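Database features (TrEMBL):
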ACT_SITE  GLU356  active site, proton donor
ACT_SITE  HIS387  active site
ACT_SITE  LYS502  active site
Amino acid sequence: MVEWKNLDTLKAYQELKDTERVNLAEVMSGENGAERVKTYSVPMAEGMVYNYAAKAVDGKVLEALAKLAKEAQLTEKFAALYNGEVINTGEKRLVLHQLTRGQLGDAVVADGVDKRAFYVEQQKKVTEFANKVHAGEITNAAGEKFTTVVQIGIGGSDLGPRAMYLALENWAKKHDTFKMEAKFISNVDPDDAAAVLASIDVAHSLFVLVSKSGTTLETLTNESFVKDALAKAGLDASKHMVAVTSETSPLAKSDAYLAAFFMDDYIGGRYSSTSAVGGAVLSLAFGPEVFDRFLAGAAAEDVLAKKENLLENPAMLDALIGVYERNVLGMGCTAVLPYSQALSRFPAHLQQADMESNGKSVNRFGEPVNYVTGPVIFGEPGTNGQHSFYQLLHQGTDIVPLQFIGFKNNQCGVDVDIQDSTSQQKLCANVVAQMVAFACGKEDENRNKYFAGGRPSSIIVGDQLTPETLGALLSHFENKIMFQGFVWNLNSFDQEGVQLGKVLAKRVLAHDTDGALKAYSELLNI
Ligand SMILES: O=P(O)(O)OC[C@H]1O[C@H](O)[C@H](O)[C@@H](O)[C@@H]1O
């Protein structure tokens with residue numbers, strides 16, 4: 001039996017707070033630093049590693065973190081989750097996104113259905129549909145092939161799939177598996193849909209309407225926007241649109257779509273990239289085999305998250321170091337910095353995944369907690385970020401823990417040698433330089449040029465960003481967020497904090513306003 005306890009009631013948390021702080025600049029200098037880089041490393045799936053040499057931890061801190069992981073029963077709680085307990089207490093739901101890519105424990109039967117079999121069946125339906133589209137068996141009314149896929153969705157029905165698409169676009173082109181260009185419409189700003197529609201040939205476009213609830217205002221508005229454009233072009237919208245939703249949503253039984261693929265209430269939107277939500281657009285864009293390889297990478301990483309030994313479980317270790325930084329060292333933000341242009345939207349996806357999951361002030365029983373929880377997440381790909389906000393990261397008054405991601409090889413296989421190094425080497429040299437600069441700093445008599453160092457970072461390193469490594473990367477962060485939620489005793493799987501704004505927006509549109517709501521409405525001419 002697992003016991004759900006607040007962090008500040010755990011003995012190991014007290015011990016962690018009493019553990020001597022590590023002087024990062026000192027331990028990372030000289031041969032000691034070299035030794036840490038070689039040893040403070042955990043294998044991930046698909047040949048990747050999680051390296052935490054530049055984190056402010058040592059043997060004693062790691063020991064305290066291992067005790068905390070044990071006392072917080074992280075392994076047992078993960079098992080409870082994948083074996084189908086009601087982990088989402090707020091909404092009284094199971095949490096099953098890992099089942100979209102593998103069976104980690106017992107069969108989970110809910111609503112009379114084996115859930116793993118259900119997700120596999122949905123992906124099989126997506127596969128058959130995508131194969132028919134690629135083969136020209138499902139076409140537009142004129143019998144011509146669809147060339148473009150446009151996803152309409154927002155939040156979890158946009159960010160993950162979009163980030164994954166961008167991550168694999170160049171890889172698929174290089175490996176001759178690029179089938180259809182994908183575009184995304186998410187914002188209710190009419191300029192978003194208008195710009196996408198202006199950039200495509202609607203007659204050869206297939207629209208994937210994605211909404212788990214089937215009630216999201218932005219998505220339904222954009223659906224109408226697109227249907228309007230199709231009608232104006234003399235096209236039958238029902239021959240150009242598929243839906244991805246939950247079986248209980250208002251969209252599920254509509255005949256307004258060519259096909260419908262299902263996820264369910266046990267998969268949170270922000271955890272839905274490996275369900276039909278990501279499956280439809282990614283299978284259409286790159287072929288179902290590529291999506292299968294992405295799932296295989298995620299499944300392999302999920303298996304590592306079951307490991308009890310903290311030092312062999314990269315997601316759990318990353319999570320606990322994050323808790324140490326947040327709750328003991330008092331750091332409030334985390335930057336995600338992929339040195340990979342293909343991961344340009346990955347930080348945006350993690351913003352939702354992390355901040356919507358762990359941005360909570362009450363525990364899983366609805367009681368206020370007396371400690372800080374989820375950090376603010378932001379990020380941009382390197383080296384671009386270096387030329388914008390790294391100034392604050394190096395010399396600002398706040399210390400921001402950094403999560404670097406880097407690959408030894410690029411995806412396109414095109415490079416040049418300029419001034420004795422390739423662009424890929426320059427990219428990798430920069431991430432190496434940054435990590436050491438952040439950790440070790442630099443003495444200077446001129447305080448303006450002085451770097452204190454002691455700014456912690458970790459790095460995930462892979463050979464190349466492929467479908468498998470991308471899947472593993474996604475799983476790593478999903479599981480990290482889950483473990484942190486367990487430590488903080490939160491329900492990481494609901495998002496009540498987004499409701500109030502929606503309710504007030506409806507009132508504004510209905511002109512049912514007073515006070516500041518009315519005054520702001522006038523300011524914006526609504
Ligand atoms: O997929 P949908 O039901 O349309 O939801 C789309 C998004 O909107 C909501 O407001 C939630 O904050 C997100 O978690 C969700 O991913």
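Using N, Cα and C of the backbone, Cβ positions are placed for all residues, glycine too.
A map of TrEMBL features onto the structure.
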residue : record                    : Cβ within 10 Å
GLU356  : active site, proton donor : 22
HIS387  : active site               : 10
LYS502  : active site               : 10
Secondary structure at the residue listed as 'active site, proton donor', reduced by DSSP to three states: helix
